[in-house]
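Taking it in order: structure first as C-alpha cells, then the write-up.
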Amino acid sequence: MEYKDTLLMPKTDFPMRGNLPNKEPEWQAKWEEEKLYEKIQEKNAGRPTYILHDGPPYANGELHMGHALNKTIKDIIVRYKSMAGFSSPYVPGWDTHGLPIETAIAKKGVKRKEMSIAEFRKLCAEYAMKQVDGQRTGFKRLGINGDWENPYITLLPEYEAEQIKVFGEMAKKGYIYKGKKPVYWSPSSESALAEAEIEYQDKTSASIFVAFKVTDGKGVLDEGTNIVIWTTTPWTIPANMGITVNPDLDYVVIESAGEKYVVAEALLPSLREKLGFEDATVVKTVRGSELDRVVTKHPFYDRDSLVMNGEHATAEAGTGAVHTAPGHGEDDFLIGKKYDLEILAPLDDRGVFTEEAPGFEGVFYDTANKMVTEKLEEVGALLKMEFITHSYPHDWRTKKPVIFRATAQWFASIDAFRDDLLAAVKGVNWTPAWGETRLFNMVRDRGDWVISRQRAWGVPLPIFYAENGEAIITDETINHISELFREHGSNVWFERDVKDLLPAGFTHPGSPNGEFTKETDIMDVWFDSGSSHQAVLNARPELSRPADLYMEGSDQYRGWFNSSLTTAVAITGEAPYRNVLSHGFALDGEGRKMSKSLGNTLLPGKVIKQLGADIVRLWVASVDYQADVRVSDEILKQVSEVYRKIRNTMRFLLGNINDFNPTTNTVSYENLREVDKYMLIKLNDLVKNVKDSYEAFEFSTIYHQINNFCTVELSQFYMDFAKDVVYIEAADSHDRRAMQTVFYEAVVTLTKLLAPILPHTTEEVWNSLIGEGAESIHLQDLPDVKVLANSEEITAKWDAFMQIRDNVQKALEFARNEKLIGKSMLAKVTLYVDGEAKTLFDSLEGDFAQLFIVSDFELVEGLENAPESAFKSNQVAVQITVAEGETCERCRVVKKDVGVNPKHPTLCGRCADIVVKHYEA
C-alpha cells in the first residue's frame, strides 16, 4: 500500500493562475448572453431603490486611469447595493456636445465654413457616437455592469427634448435673460466660457504703471497732476474709460522732478524705489471720496477718463488707483454701469482689435501689449514696465489664455434663487465633508451663469426674435420645439426656416408682419449634462429624482455637481441628489499628473491586456480614492501579489471541500470545536466590518480587512494547522467535517463579500464551488451578520491564545535560525506559564501541538522554572527542543508511538488506526 494514496489531498478545478486577460472576456460573454443585468433587476424588483446617477464622461478619446477609477467605484457601489437588499439599476451616460468634438472634426481636414451648419453637426454626431461605442467597449471590458444597450447620451433626441423643457421652465420663472456684460471669452475657442470651463495657470505678463493727466480737478487736484494706475493687461488701455479709487483710503499728491503724482498713501513707500520717487515730497493728502468725478484725459485718445469711487480699489498692490475698462472686467463693468460709462470692448471673437481701437486695428490682443506699451512711452505716460509671473485664467479645453470681454450673451440669473441653492447644498450629505464648504462657497460667490456659446455643436437656444427685436420664449414655443427635437433631433433647428420651427399660426405683437428670426447660439455643455436629472432620472421609469448618489471627480464641484444643482433647484426647488461623493485624480507612481509629454501615462486597456480587469478593480479598492491616488507598474505589481494571496486562499478552501456536501456533512455550530467556532466568529466579524465599510464607501478598508483575514487568520493559522486534520484524518471524521464546515462557510462568505470588487474571479470561484448550472454569484445576496453563542467569551480567550502563539512562532523562528531545529514539525514546545496564561490554557480545548504545528507540546506552571535559554515574553517563556520519537511516514509528525502497529511499522498510532479502519480491504 502506498500511504500517500490514503491522504485526502486537495482537489479542485480552480486553477492557481487566474489567466484573467483570457478568462474575463469569457465570463463577460456569458453574462451578456444570459442577460445578467436584467436578471439582477428582476431579482431585486419590489425592493427599496438605490439610484446612483452616472455623471457622463466626455465622448472623446481613449479611456484613462481616471475613467477606470471613476467607473469602478460606481460599479462597486451598485453591485454592493444590488446584493444588499436594494434595487439598484445603473444607466451609464455620455456627454457628447462641445468644442473638443468640433476640433477633432477640424483636425480631420473638414472645413466647417465650407458646409452648412447642419451638415457639420451630422459629422460631429457621427464622430461622437463612434467615441461612445469605443468607450462603451472599454467600460464593459472593465467589468462594469449596467444597461449598456440603453445608455443616456446627451445628443439623443429624447434627451435634448427634456433639456429644452428645463430651459423653458427656468425662463418661465424669470431666471433667463440676455445682457451685455464681460464674460470669460476664449479667443482660441471663439466663444464665451462659464466659470466651470476656466482653469488657472502661471503666465508671464507685462506689468505697467501709467500716468493719466487731470483735466478737471474739481477744486481738489491741480490741472496737469498725474493719477498713476497699474495694470498687467496693457492691451486693455485702449478700452479705458475711467479710474477707480477707494473712497475710504487716503491718497497723497507728491511732487517729483517738477511733476505731481497721486498714489495711495499706504503704497508710497514701495513706489518710491519702483518709480524713482525717492526724492519726492508729499504736497497734500486727500480722501478717495474727495476725488470722485475728477476728470483725467486718456493717454493717447481724445476722450475723458473719469475718476470714480469703488470698494474694489485697494492698497494691497499697485498704486491704489485702478485702471477701469468696463468692457473687459466684472468690477469695471459694474462701476461703469453705475457711472454711466460706455461699455467698450474693441475686440472681435478671435481676440483681434476692431476699428474701435484706432492704431491697433487687426492686431491680436496679446501682440498689442507691446504696441500699447510703446505708444504710452511715446506720449510720455509710461512710468515703468516690468514682467511678472502670475496665475491667469485659461480655457480648460485649449489651454490658451482667456480674456474678459463684454458681449451680448444669454445668462441664467443666480441671484434670483441663490438662497435656495445655498439651502439645498446644506441639505445634502457630502463625502468628503469638505465638499459641502467647497460647493457652498462657489454658489455663494459665483456670478450669473453665461449659458450661450457661439459654436455649432450643441443644443440650440430655443429662442425666437420678433421684428422689434423682442426675444420670444413662451410655453407654446418651448413645448413645440421640445416635441420637434424629440421627433427629429436638434439638427432640425438648423435645417428648417424659422416659420417651419414655430407652431402653426403663431403670432406675436412684436411682429405685425409675421416675420421672425431665430437665435444662432447654442447652450453651454454644462447645461446639457446639468439637465440629466430631468432627461434621465425623471424620464426613465426605473429611475427617480432625487438620486441617492452622484459620484464624480473633485473637479465636478465646479462642473456637474454645480450645474445639476443649479438647474434642479431652479425647476424643482430641491437638489437632484441626496448624497455626493467625490474622488481625487489618478497620478503616476511619483505623484505627478499623467501626460503624454512626460511619457508617464498608464492606460487601463493596456493594463487589462497584461494583468486583467480584476487587478485594475482591486487597485481601485486598495487606494484612498477621496484624495489623489497613485498608480504605476510597481503599484499594480503589489496589488497583483495581494490578488495572488486571495486566489490561493480560495483555491486551498475549494480544494479541501471537494468531498464535502453542505447539506449532509455540515457540523452544527454547537457541535464544533472551540477553535472552529472562533474562526466562524472571526468570519462573522469580517462580514459586519466589510458591510459597514461598503456602506461608508470605504473600499480600501475592505481591501485590508479581507487581505488580513486571508493572510493572518486563515493562511498563517487555521489553514496551516488544518492540514494535519483535513489531509490526515478519515474522510468522515468529526474534526475533519468540522473544519470543512468552516472552510465552506469561509469560501461562500469571502466570495460574496468580494463579488462587487472582483466580479470575474468570484464568479469563477462560485462556479467551481456550486458546479454546473450554478446561478451567478451576482444574483446572490450578501451574507447576514449572525448572532453566534458565546462569541465574546470565545473571542477573548482565543485572541489571547493567538498572542501567545505569536510568541511561540518567534521562538521557533529563532530556534531555526540558530540551527537548533530544522522544520518546526521536528520541534517540541515547552511553555512555561503563570497566572492568567495558566488559567487561559486550562480553559482552552485543543491539541496544542497541532495548533502550534509542532510534534510535541508540554505546559509547565511557573515562569521561574523556565531555563535561561528559554525565549521570554511578559506572560510566558518558550523552550524549543527536538521532539523525541520518529517521524510518521504518513502525517510527518514526530511521535513516540511510531511502529506501535507491527503491520504498519512506519506509522504512528493515529495513522495506523485510520489506515486499518478505512483503507485496508
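Yeah, the Cβs are placed from backbone N, Cα and C, and that goes for glycine too.
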Q: Would you mind telling me which of 57-67, 145-155, 761-771, 882-892 Swiss-Prot tags as motif ''HIGH' region'?
A: 57-67
Q. For the motif ''KMSKS' region' (593-597), what are the DSSP-based totals of helix, strand and coil residues?
A. 0 helix, 1 strand, 4 coil
Q.
Suppose we draw a 10 Å sphere around the Cβ of Cys888 (Zn(2+) binding site). How many other Cβ atoms does it contain, all chains included?
A. 24
Q) Using DSSP, would you call Cys891 (Zn(2+) binding site) helix, strand or coil? A) coil
Q | Candidate with the highest Cβ count within 10 Å, taken from the binding-site residues Lys596, Cys891, Cys908 | A | Cys908
Q) Who sits close to Glu552 (L-isoleucyl-5'-AMP binding site): which same-chain residues at least 6 apart have their Cβ under 8 Å from its Cβ? A) Gly55, Asn70, Gly559, Trp560, Phe561, Ser582, His583
Q) Sorted by position, what residues of the same chain at least six away from Cys911 (Zn(2+) binding site) have a C-beta under 8 A from it? A) Tyr3, Ile728, Cys888, Glu889, Arg890, Cys891, His904
(Q) Between the Cα atoms of Cys908 (Zn(2+) binding site) and Lys596 (ATP binding site), what distance do you get, rounded to the nearest Å? (A) 67
